[in-house]
Protein chains: 2
Amino acid sequence: MKAQFNTFIPPIRTLMGPGPSDVDPRILNALSRPTVGHLDPAFIQLMDEVKLLLQYAFQTENQLTMPVSAPGSAGMESVFVNLLEPGDKVIVCQNGVFGGRMQQNVIRCGATAVMVQDAWGKPTDLHKLEDALKANPDAKAVAFVHAETSTGVRNDAKSMCALAKQYDCLTIVDAVTSLGGIDLDVDGWQVDAIYSGTQKCLSCVPGLSPISFSPQAVDVIKNRKTKVQSWFLDMELVMAYWGQGGKRAYHHTAPVNSIYALHESLRILHEEGLQAAWQRHADMHLALKAGLENIGLEFMVEETYRLPQLNLVGIPDGVEDAKIRVQLLNEFDLEIGAGLGELAGKAWRIGLMGYGSNRKNVDYCVNALTSVLKR
Amino acid sequence: MKAQFNTFIPPIRTLMGPGPSDVDPRILNALSRPTVGHLDPAFIQLMDEVKLLLQYAFQTENQLTMPVSAPGSAGMESVFVNLLEPGDKVIVCQNGVFGGRMQQNVIRCGATAVMVQDAWGKPTDLHKLEDALKANPDAKAVAFVHAETSTGVRNDAKSMCALAKQYDCLTIVDAVTSLGGIDLDVDGWQVDAIYSGTQKCLSCVPGLSPISFSPQAVDVIKNRKTKVQSWFLDMELVMAYWGQGGKRAYHHTAPVNSIYALHESLRILHEEGLQAAWQRHADMHLALKAGLENIGLEFMVEETYRLPQLNLVGIPDGVEDAKIRVQLLNEFDLEIGAGLGELAGKAWRIGLMGYGSNRKNVDYCVNALTSVLKR
């Protein structure tokens, strides 16, 4: 054991990986304001505002809209453990890492996951999904990832939800990387359960997971035959804590300061406006694309379903993945993401999320890559 | 929907309830430092230091020691879902709210909880525990709360663990309110699994749950026949993320800034030293006791098992609980805790935890209570 530990002074990075993304200084400022009690009237008022602002961000009137007091993976788990019971069947579309994680969640609920597989880098094929729906009339839900962080692919969430609804399925959407970055319309698309993360296009610190359940999903939860296997994530308890039905029942202690930060990040999104934020993400993506193509780098995802906030860029032949990323980090304090799974060593993932989706970051990244690649 | 939302400027409270407690300004400062990536080498080094410092705080050499990326209730759930499998039997000692929560966790794992009940405000009776151990030779574990936050009672953790070990049971300890405030010796007492919270005697922001598992508990986890029902809390995955065995495998995104804060809070504990911190809690409790008895208030828990950091104080006849607490909050910005469960309306819970366990808070609380009670 060391006799002394120094305070941690983090290096000042530019975060252009798959998240966390650059945090707006306004949010860091809000984060560090003095802590109040989690049952303080002032905090309860803040919780109500956070719910309203999340409804805005998700474009929903769902009453059950709130942040789970844990990261996105816990948000994912919240959705599955509350909606599923042992023996249920769910159609899970996978075209990257996070569809696979959904499958794990379904299995751990004692339910069955019917997988619709598409290649990494391609979107889910609607025909395949329809085939699966036809073949599984007993499926309770369709689950998929809106913005696949591992590949930079945008799945056609609107059409997928419409299809699922045609077959009377609940719709479960992973919006970890999409919320605030691209078009997302929970009520308009008939999404029944959705979760996101704070550290992507909301530019907030990591640690919370905004979620929302439709009235139909709430009915499913209320009519469960078995108890939710997680006490911490049990929505009947969590929603009572978040004031559903006008009451406040102690459940856990909310991460007070992180809620300050989320509130500020949602205020920023609300000030800019959803459409303007999506447009900015689209514009910055085009600027990055122009810059990277100019130095011979290629995008690996087709334009029609390419995410503006997560850019999958091919690593040129003969270029050593890790060496370049280490140089970017050490010499430029610039973080870009490695490829995941079958894309490891073959691609980089360059994030342009939220606050970090700006011209300064685009230029810096292009110039830094230009510099290290020409050596 | 409002057209505009204002930034949240929290009132400056003195937090003397059951937690969160006053946060040291050094910790708020650390919290708001620029975010780095959760796989950044600088952050990984920080994670290693946090593990070392938690080992110090818990007094353990357990390799599997880390913070869960969620509040104390998730720490509790981590322990139960990882150690238990359906059909297991656990002896749970209850003498307040949190023993009941343990029971809920056991049940949701498909296991059986054999309850050892004692009155709220009294410690667990060792004879009752021994009777339960004799009557249930197939029990896998004994679970209990070290410092019962709902009553201010200290259970005799050392003797309870020794007894459980005599009957070959694993020992599971809730140290949410004890860590950093009173004597706690994980290795010396043979604790197999323990969890805490950051917002009590560590004076950190709420949102994380330090946990530790003994080598024997790790063996139990490694030899499970069934998968852990929670993907997010699955220790095999979490420990790989925290670098167990020298590897780092992506699991979830750690709440980076909250880890900065925890690191700083553990540094503060390490600087002061465990024994000195415990002594300060004992001293401040005595100062509070003198002040409150001076104005006729009575402690409801017997001195031998009274917690210094959580003081259960009887509400005098004819005094209206809520009115007093509202006056303290509105006129003095002072938060004290209400009674929970059967103690609601009958007692206050006055916290003297971590940074907040200081002479200034003691005097302020005594004077504020004096002022509002004499009206």
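Yeah, the Cβs are placed from backbone N, Cα and C, and that goes for glycine too.
The feature substrate binding site is assigned by TrEMBL to A:ARG349. The feature domain 'Aminotransferase class V' is assigned by TrEMBL to A:35-300. TrEMBL lists A:LYS200 with the feature N6-(pyridoxal phosphate)lysine.
Between the CA atoms of A:ARG349 (substrate binding site) and A:LYS200 (N6-(pyridoxal phosphate)lysine) there is a gap of 13 Å. Secondary structure at the residue listed as 'substrate binding site', as computed by DSSP, is strand. Neighbour density at the Cβ, taken as the number of other Cβ atoms within 10 Å, is lowest among the recorded positions A:LYS200, A:ARG349 for A:ARG349. For the domain 'Aminotransferase class V' (A:35-300), the model gives a mean pLDDT of 97.
According to its DSSP assignment, the residue listed as 'N6-(pyridoxal phosphate)lysine' is coil.
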